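Working notes, structure below.
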Amino acid sequence: MELITNVTEYEKLAKEKLPKMVYDYYASGAEDQWTLKENREAFSRILFRPRILIDVSHIDMATNILGFNISMPIMIAPSAMQKMAHPEGELATARAAASAGTIMTLSSWSTSSVEEVNSVGPGIRFFQLYVYKDRNIVRQLVKRAEMAGFKAIALTVDTPRLGRREADIKNRFTLPPHLVLKNFEDLDLGTMDKTNDSGLASYVAGQVDRTLSWKDVKWLQTITSLPILVKGVVTAEDTRLAIEHGAAGIIVSNHGARQLDYVPATISCLEEVVREAKGRLPVFLDGGVRRGTDVFKALALGASGVFIGRPVLFSLAVDGEAGVRKVLQMLRDELELTMALSGCTSLREITRAHVITDGDRIGRSRL
């Protein structure tokens, strides 16, 4: 195999290797896919203001997330059905994350159960939660995640209905017959019916609770002592409400551009959320991260860390656990280099003054 020099190269290789239905499910966004492109392009409009003549012989990228020490501010986002990419699926991803000393978030719709993922060995893991209409299912799932040693709940709040993913409709996407949604297998909710459009959209319509509201964030706190991260916040107004309702953290996310098209890129929403949070809780960024420079930009705009999704899926498809390890290592190496060339020796030293955004340029042009 040709030497892979950056994270993005895995996508082309994954496309060659995966069945079309699976690749399209992982790669596509909603409707016109404007936000899918914008999640990446918005990073390219943020430029650096590097500082020079600073001793950068030692760079420290370690950080603490919700009381857990990790090696770098780069974590793994929840991505569903990873055994479609590789036979070891989420188990390989969990091992790679633990090896890199970082956090993996397991999707509710994983093809490995919370217990199976726990069995791969030590590691700091979060559990992503969809709230089902049957709240007893939610109680059971959260309790199982707790028992399996998961350290936080990432509550997805942007999916009362599934976004219109036209590639999935064309492909009549469904979970391959040899796989199940393992966390729901014993509840007879582990499979999807073949439909005339997206089998996942039909599954969501049948199972996921459209009445989910802020009061349910409070309800979740009554059934678990785990910290709750609210995943899917993109505005100051919802940041304020997340804080009022006891969230332990916010993940700025547009669901990988798979829900509402024509929302801004997450990196474009980040500063609004950070300003409203005022340091009262950590804010994380999810979406569009493909370079260490992207990580630095997010940190400079106030993120406590970033989550990566598609790079994990594509590298998993190409080379299993080794591929995911390599993606994490490449991003780590690139972040370290960006910090050195910007004159930062620790994450604390990365500040707003290190970047220029579109808003900064407009402000300066008016002076």
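Placed from the backbone N, Cα and C atoms, the Cβ positions cover glycine too.
Marked as active site, proton acceptor by TrEMBL: His255. Per TrEMBL, the feature glyoxylate binding site maps to Tyr25, Arg165, His255. Annotation comment: TrEMBL describes 78-80, Ser107, Gln128, Tyr130, Thr156, Lys231, Ser253, Arg258, 286-290, 309-310 as FMN binding site. According to TrEMBL, the feature domain 'FMN hydroxy acid dehydrogenase' maps to 1-360.
Location within the structure of each feature annotated in TrEMBL.
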| residue | record | contacts (Cβ under 8 Å, 6+ apart) |
| --- | --- | --- |
| Pro78 | FMN binding site | Thr105, Leu106, Ser107, Ser108, Phe126, Gln128, Ala154, Thr156, Gly309 |
| His255 | active site, proton acceptor | Thr156, Asp158, Thr159, Gly163, Gly232 |
| Arg258 | FMN binding site | Ser28, Gly29, Ala30, Leu36, Gly163, Arg165 |
| Gly288 | FMN binding site | Asn39, Arg40, Ala42, Phe43, Ala265, Thr266, Ile267, Asp294 |
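For the glyoxylate site, whose annotated binding residues are Tyr25, Arg165, His255, the maximal Cα to Cα separation is 13 Å.
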